[in-house]
Each structure stands twice: as C-alpha cells, then as structure tokens.
Amino acid sequence: MGIGVASVATGCLGLTETNENVVLDEPDRKTESSDLPYPAWNEKIPDVTLPKPLTTQETVTLRNVDKPRLVEFFYSHCQTVCPVLTSTMRNIQTHSLNNGYGDQIEFFPITFDPERDDAKRLSTYADEMNINTDAKNWQFLRPKSKDRAKSVITDKFGFKFSRTHPENMDMYMFAHMPLILLVNADDYVERAYTSKSPDAEKIISNLKTIRNA
C-alpha cells in the first residue's frame, strides 16, 4: 500500500517518564482526558464483551486481548467518514502483515448498526474494502441489538451517534464523529484519533513505539 513508518519526533512520541500506564507522552491538546466523553490518553477502555459475527459468534472481551489494538466505531452503510477510517485501519493491517508484526496487534471495528450489519453484510463489506479477515488480527465486533449498541458504544465508550429518519427508512444514516482508539496491551488508551482523515503513517509510528517499549 506504499505506507512507510514515519520517524518518531523527538520529545513528542517518546517514552513517558511520569506515567506507568502508557508509553506515549501526553498529546498536545486543549482538553484533558477526563473532560472528553470517550476514553482518551491514560484512561482504560471499558470492560465489555462483544460477539465476533464472522467467527461463529465467538466473543471478544476488549480488556482481555493482551496486545496493542486499534478500536474503530463505524457502520457499513456510511457514505462519509467510515470508509476513510476503515481504509486507514486496513492499510495499517496490510503494513503489519507485510512487515512481520501482524501477530503483535489486533484490529476491532465495532458497528453501531447491528440491525443491518449482520454477518453476511460485514463479510460483503470486508470484500468491498479489501480487508484481510483471514489474517485473524481483524475482527468485526457487533452488539446483538440496537439497545445493546447504545448501552455499549454510547453509555460505556461515550461515543454518540444519532439516526436519521428519511422517508425510506431502509436508507437511514447516522450522524457521528470519527474515532479510532489506539489501546496498549495493558488496556490503556495511548491515542484517540478524531480526524476525518487519520494519518496512517503516524499511527504506524505510534504503534511501533508501543510495540518496542
């Protein structure tokens, strides 16, 4: 995919000396983690378990992974930011597989549209997005119901989404923010990426720093 590993900027992404929970230094930002609705730097991700619909309904407990991981919130019918976020995740997965660290990280896209994003739809979406689900480090996660999606994604992760109400209700969409979480092996968030066009090289660089710590 032509993605290179960006150099780590001196003093920006080095090992932190003051916090045992995280590897990356606190990001330059205007808002503290505690003031954000979603888990951010130096905060633990929620202790939730979700089904993996493409693997005979096995489940994943997100605090029981023991590897760095990327967690994305998406729905497959999105026509705006979700394809960009998922493509970024896919490009990073491809880089990991091509550079020998695919078994050291995990990718968890979580749908907040379980009514439409069943196993068949997610399998089709993976093909459309050229995602390698055979690599086993990519697992789509799907709450069992609309109510479960809200209780996990909004109530626990603080990720808000609101459904539109078109005349043809089969074509509903969601208003939502972009969000990918980089979580370390100890379940703490190292980075919360909220750009509509995340920088894959920067994320790869952050992952390298965490993996080599």
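Cβ atoms here come from the backbone N, Cα and C positions, even for glycine.
Pulled from TrEMBL:
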type	residues	note
BINDING	C78, C82, H176	Cu cation binding site
DISULFID	C78-C82	disulfide bond
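Around C82 (Cu cation binding site), the same-chain residues at least 6 positions away in sequence with a Cβ under 8 Å from its Cβ are F74, Y75, S76. In sequence order, F73, F74, Y75, T80, V81, L85, F161, M173, F174, P178 are the same-chain residues whose CB sits within 8 A of the CB centroid of C78, C82, H176, the residues recorded for Cu cation being left out.
For the recorded site, C78 (Cu cation binding site), the DSSP three-state label reads coil.
Neighbours of H176 (Cu cation binding site), defined as other CB atoms within 10 A of its CB across all chains, total 20.
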